[in-house]
Amino acid sequence: MKRMNLVLSAMALSLGLALNPVSAFAAETASTNQQLPSLAPMLEQVMPSVVSISVEGSTAVNSSRVPEQFQQFFGQDSPLCQDGSPFQGSPLCQGNGGGDNNTPPAREKFMALGAGVIINAEKGYVVTNNHVVNDANKIQVQLYDGRKFDAKIIGKDPRSDLALVQLIDFKNLTAIKMADSDQLRVGDYTVAIGNPYGLGETATSGIVSALGRSGLNIENYENFIQTDAAINRGNSGGALVNLNGELIGINTAILAPDGGNIGIGFAIPSNMVKNLTAQMVEYGQVRRGEVGIMGTELNSELAKAMKVDAQRGAFVSQVLPKSAADKAGVKAGDVIVTMNGKAISSFAAFRADVSSMPVGTKVSLGLLRDGKPVTVVVTLEQSTQSQLDSSNIFTGIEGADLSNTQTGNVKGVKVDNVKPGSTAARIGLKKGDIILGVNQQPVQNMGDLRKILDTKPSVLALNVQRGDTTIYLLAQ
């Protein structure tokens, strides 16, 4: 009987542990005095290098006095207001249709929040996103320990969405260590640190979901790290680190159909950050080099059609005359498979890598030409930001060199130059104009513009911001 009681007691104890595994685990942990795995030691080292950024700024707003539905017909650049028109000289043909050219432009104040990463403790340099500090009148940086410093902009680069600011009257800073982002692999663990919704430094974890992501903002230089670590509003400019606490990327964008995190975030690789911020320190801007080619992704269909024994690379569709590529002997039809010994995964990745290199850099390109390997050395020349191909891409507004732009929360396509006598010049586009929409469809980047113009509409009504006013230009 006594033996049966002992057996029942043992069974009850075993059953109790099974029903309460947390208690059992805690008891085992306590008994063995073992610590659970934790990211805390690494974060304690990294958190002082990540800062919160608050921005106060202002942007120009439309001051038109003409009802919106009639603005497309009037304004000083409207066809109805040119020489010989009965409306010429009337108030309807001033500014954007009724606006007073002598009236100071209205400006709208805004406040923005973001994050940044200290990359140089001696100089007080903090890297962040361009869209965090763009149009800023005042920048304040708060450290992890609560200290606050004013900051000034050292350099900005909208095409990579990076900016470098410098703290004023700072002391006792901690800079982050940078990793070699070229060594990243899909599946590596990541930790995202930022300032979501202004809550202060917050850490989330995940993995590298993909590498070399592009196409989020056509024509910009993109070669993103994709991660499922939660990145929310306010994380822009924050750090993406590995388990050693080294910076592998700057958090930049999320795919968020409803405005919240769905586990798809993007970061600018640390190697690109390192190269571009070095130029900002030296020149106050990015002086990127250019190869001088137009191209596309090499896919299986194209590889088969061109009889190329490769599945990944950058297909060269055109070599710009007298460009660096032309001088080095690159030819249309070549496939770029390596650069400086590193495999090229896509044309977008190739553009992004080149964009972070300064003028004068020599790069070794491994090519496939008629199925045979060829190596050439290209000396990068001053970039034209691939604007030479804009007039060929956008049928209906040929002759305009275009680029993406963002002012405050307003995104659009900027006209950087207009060739005299071109279609763009004839419809009235001018240097400095910003295209905000076409045929009542919003245009936030060159990808949006491309999609609309690819439908070949019979009439184009361009919604254009010119200075502090908005006008419509018509093309048929």
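Backbone N, Cα and C define each Cβ position, glycine as well.
Those TrEMBL annotations? Automatic predictions, nothing curated.
Per TrEMBL, the feature signal peptide maps to 1-26. Here TrEMBL flags E56, H131, D161, G234, N235, S236, T252, A253, I254, L255, A256 as substrate binding site. The active site, charge relay system annotation in TrEMBL covers H131, D161, S236. Summarising the annotation, TrEMBL assigns domain 'PDZ' to 280-371, 377-468.
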D161 (substrate binding site) to H131 (active site, charge relay system) - Cα separation in whole Å: 6
Densest Cβ neighbourhood among E56, D161 (binding-site residues), 10 Å radius: D161
Summary of DSSP states over the domain 'PDZ' (377-468), given as helix, strand and coil counts: 20 helix, 36 strand, 36 coil
Around the Cβ of N235 (substrate binding site), the count of other Cβ atoms that are within 10 Å: 30
Candidates E56, N235, T252, I254, namely the binding-site residues, that fall within 10 Å of H131 (active site, charge relay system) by Cα distance: T252
S236 (active site, charge relay system): tally of other CB atoms within 10 A of its CB: 27
The domain 'PDZ' (280-371): DSSP-derived helix, strand, coil residue counts: 24 helix, 30 strand, 38 coil
Using Cα positions only, nearest of the binding-site residues to S236 (active site, charge relay system) (E56, T252, I254): T252
Residue with minimal Cβ packing [other Cβ atoms within 10 Å] among the recorded positions H131, T252, I254: I254
Assigned conformation of H131 (active site, charge relay system) - DSSP reduced to three states: helix
Mean predicted confidence [pLDDT] for the domain 'PDZ' (377-468): 77
